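A.B. asks: This is the structure I want to talk about, given as structure tokens.
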Amino acid sequence: MLQGLVRAFISAVNRLDKSLSPQKTIQKLSQHTFTLSDGIYIVHLLLASFWLYLLPLHILFKLAIIFLFTVALLIPLTSQFFLPAIPVFSYLLAFFSSRFIPPEYRPSISVALLPTLESVLYGANISDILTRYTHPILDILAWLPYGVLHYTFPFILAFFLWVYRPKESLHLFAAVLGYMNLSGVLTQLVFPCAAPWYELVYGLTPATYDFKGSPGGLIRIDRLFGGNGYTTAFTNSPLVFGAFPSLHSATATLDALFLSHFFPWTTKYAWGYAGVLYWSTMYLTHHYLVDVVGGACLAVGFFYCFLPDSLKGDKATSGPGSVGSSRHGRNKYSIYGLEAPSTPRVEAGLEYDLPSEDEDGEVDVRKPASKKGHRHTASIARLIDSRGEREDA
């Protein structure tokens, strides 16, 4: 198994464009046919300009960030990673810069709405019930998905998509993950809500943006391991009142959807992980049940809205290079518009890949035909003759 992973990784590295010439990227850009969907990059540019304006950094440091990111986009070796990851970078920039929005421009914080909704919709305060009994074993069980895997598993999943699946699947994952989390952060900024830990500490006291965050149940993990990492991180969180929707829940749901779609044999394990994380968000007093449901619905909506037909069905489990190249699933009959016969004699040679120059429509007619080309021409003739015989019959 390990040897197979190493071989797949080496193959993935060999597929990379290792060019360092910006001229190659500029040439591709000049040949690109722009569509309406490319307008999303204008949105990213406007958002990045806004967040960079808010950041309390020296202008030279901001210019350095812009310069380095531009260079990363121009160099082919790095642009193949940075360009698809723009939605993720946009989300991260929005999340970490949101703390610098002046309070006078922010909406009021809702403290009682989420627990009220939970009681009305589900008949009880489910999240409160799940926090009444705690135990070190339960703490660790909740900490692993919430405090560790939430931050690391998307990278692991992205790695396996890159190694074992078409590159379009990795691009899809980056886009959905980025846009989903970005929309979640923007929702939390427009609709700020207090988490369960706030109700436990302050009750229904009206909240202001001067309040610090809290690690909630993760403080028990700090005590268990003798550290203060989670206490420091959550106390200084840039988005203290971002309970709804739960992006922990959304990310876990998205991970499960991608795993079950592109690696079907992992389905039960993927949703088992998601279920444990749903529980951990409430057990650690970071989210209400309504937050968890909202995050899961957000992930499902984004996944199925973004999932293209080219990555559905059997194509989802195909190997690298089988979608974008348009070679996967093509055979002699589909290429030339012929009806595939049902005779075993012809079905044995159903899968037939065209040479790359034929596939790209760039055949050099001045090039002498090789023996392989003659065999290909003869194959076409046999197909047409076979079709004619069936029609005469």
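Each Cβ is built from the backbone N, Cα and C atoms, and glycine gets one as well.
Below are the features listed in TrEMBL for this protein:
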COMPBIAS  368-377  compositional bias 'Basic residues'
COMPBIAS  384-393  compositional bias 'Basic and acidic residues'
DOMAIN    170-307  domain 'Phosphatidic acid phosphatase type 2/haloperoxidase'
REGION    349-393  region 'Disordered'
TRANSMEM  34-53  transmembrane segment
TRANSMEM  140-163  transmembrane segment
TRANSMEM  170-191  transmembrane segment
TRANSMEM  288-307  transmembrane segment
A.B. asks: Do any residues, 6 or more residues outside the transmembrane segment (170-191), come within under 8 Å Cβ-to-Cβ of it, and if so which ones?
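C.D. replies: That would be 84-91, 94-95, 98, 101, 106-107, 110, 154, 157-158, 161-162, 239, 241-245, 247, 250-251, 254, 258, 295, 298-299, 302-303, 306-308, 311.
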A.B. asks: Looking only at the domain 'Phosphatidic acid phosphatase type 2/haloperoxidase' (170-307), report the model's average pLDDT.
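C.D. replies: So the average pLDDT across the domain 'Phosphatidic acid phosphatase type 2/haloperoxidase' (170-307) works out to 95.
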